[in-house]
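Annotated in TrEMBL:
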DISULFID  70-134  disulfide bond
DISULFID  83-144  disulfide bond
DISULFID  114-124  disulfide bond
DISULFID  187-251  disulfide bond
DISULFID  200-261  disulfide bond
DISULFID  231-241  disulfide bond
DISULFID  347-357  disulfide bond
DOMAIN    44-145  domain 'SRCR'
DOMAIN    162-262  domain 'SRCR'
DOMAIN    272-380  domain 'SRCR'
SIGNAL    1-25  signal peptide
């Protein structure tokens, strides 16, 4: 039985309170010598919800039992020590009063007092192990700097979990758990409300409202980790429930389990509304601002308003996903609301309400004034979800030296590096890294180009229409993230190349046909198609990361943008290229991704 894991941060968490800022006058400690996990026989982890990978409630395992730390007398100096125990260089803050939710079990430390220079928390003063007069409502948390200690081993960061994917509303989605550093789904055999309630509580929500089967929240891709889970409903983690380890023949992703959790009412939808639309799912966005006695409704400036901002608005309204984020809403009647009260709105797409996004504050700055240029949305209960078949990229990657006289059309579509402009055309060649790209739609709505056929652009040289200018980005990065080569792909023929057995093809781009990808189908760009490459003519031999990002400008709404990036290790010796370890960006745990980014390369043709 694997130990209970840290709880992964998710955008669907409840925003419970602000971070504590009681950290004035505390010196930043030195990182000290390199540490090894489990020093002094202890293990440490971050837990709770909502949180990011470098913050959370601090939990310590001692004598085989996990427990927490009381916030009495807790300081930033203590947070520094604990962050280093967890493998981070230092702390940037700490929290009190169970900001990340109350823990369970023992409260191991109380009145913890550290100077900030100790090598281990065991060197700090306290009331003694297990001696506390606190409750779990006083559990302490830390916010660490997102920077790892060099040489730190990660065996004390316990893996295995839970996260939700593909849900239109907070607290719902496809259940995914972490095993051996890799995320996978759960089979719906014997999936019931008791097991679903364990998931909901593990994520910091209430009990489960529904246990969903049959991939109701979309199908996953990759591993299926668990099947035939039998929970009493009281377990602290899904891994503590009796279960069956999956085999290849046991289950398919059409049986992926999902949940809908009970959530407390927090009233974010009371501060936003839509007006002028043809249905309750669309309209001009109006928000409520001001304090008690001076509340008023107003509009949002349309400058820079896009899909990510619209996603937050639709979520806050309880209307699911955003089909469109509109910068002009002159065709919708605004009634008597004419004042613009919010501008400069920029969201990551994961916020629960617009006031959690960055914006200009009380100073309104709008390039295009008037109610004509204000923000609007069209919301939907379903959305597409594109996912690249990473294994196919790895299997098909190769280098081609292609003569310049065969690249005139590609140059016209900007599919070559900038140095190609100064080449001695038509003599010479360009070195291209080619690979196939198979993109699946695993969501609950068809993926359609943002623009209709009337807006598609005809390219005479290749003889096809572009339905999206930028559909995919292809990049070669150094291990530290510096871009050394790039390519891009327009969606010049987005169609259902193949589908699952029970799904019929709907989109075929030939003869000016409709473009798109049906749910349960995939589009294939073969490695031998023009622009299905990266021009690496100017790339020097070395170790690199190949990165592919679908829908990079968020032009089309999806239920999940976190799985749109794929990356691979690659080694280039000037003549050949080795591509391996290709995976979707969120398929691994945070720790596994960090190990990937520290990839040392290979020697003597042996991957290390």
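For all residues, glycine too, the Cβ spot is worked out from N, Cα and C.
TrEMBL entries are annotated by machine, without manual review.
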Show me the subset of 124, 231, 357 whose Cα is within 10 Å of residue 261 (disulfide bond); these are the disulfide-bonded residues I mean.
none
If you measure between the CA atoms of residue 251 (disulfide bond) and residue 347 (disulfide bond) and round to the nearest Å, you get 38
If we check Cα distances from residue 357 (disulfide bond), which of the disulfide-bonded residues 70, 134, 187 wins as closest?
70
Quick one: Cα separation, residue 70 (disulfide bond) versus residue 144 (disulfide bond), in Å?
18
Near the Cβ of residue 241 (disulfide bond), how many other Cβ atoms are there if near means within 10 Å?
18
Alpha-carbon distance [residue 134 (disulfide bond); residue 241 (disulfide bond)] in Å:
30
Of the disulfide-bonded residues 114, 134, 187, 347, the one whose Cα sits nearest to the Cα of residue 231 (disulfide bond) is 187
Taking every residue in the domain 'SRCR' (44-145), the average pLDDT works out to 90
Return the count of C-beta atoms lying within 10 angstroms of the C-beta of residue 251 (disulfide bond), excluding that atom itself.
21
Please work out the number of neighbouring Cβ atoms within 10 Å of the Cβ of residue 357 (disulfide bond), leaving out its own Cβ.
19
Take the C-alpha atoms of residue 187 (disulfide bond) and residue 83 (disulfide bond) and report the distance between them in angstrom, rounded.
36
Please give me the CB contact count at 10 A for residue 114 (disulfide bond), counting all chains in the structure.
23
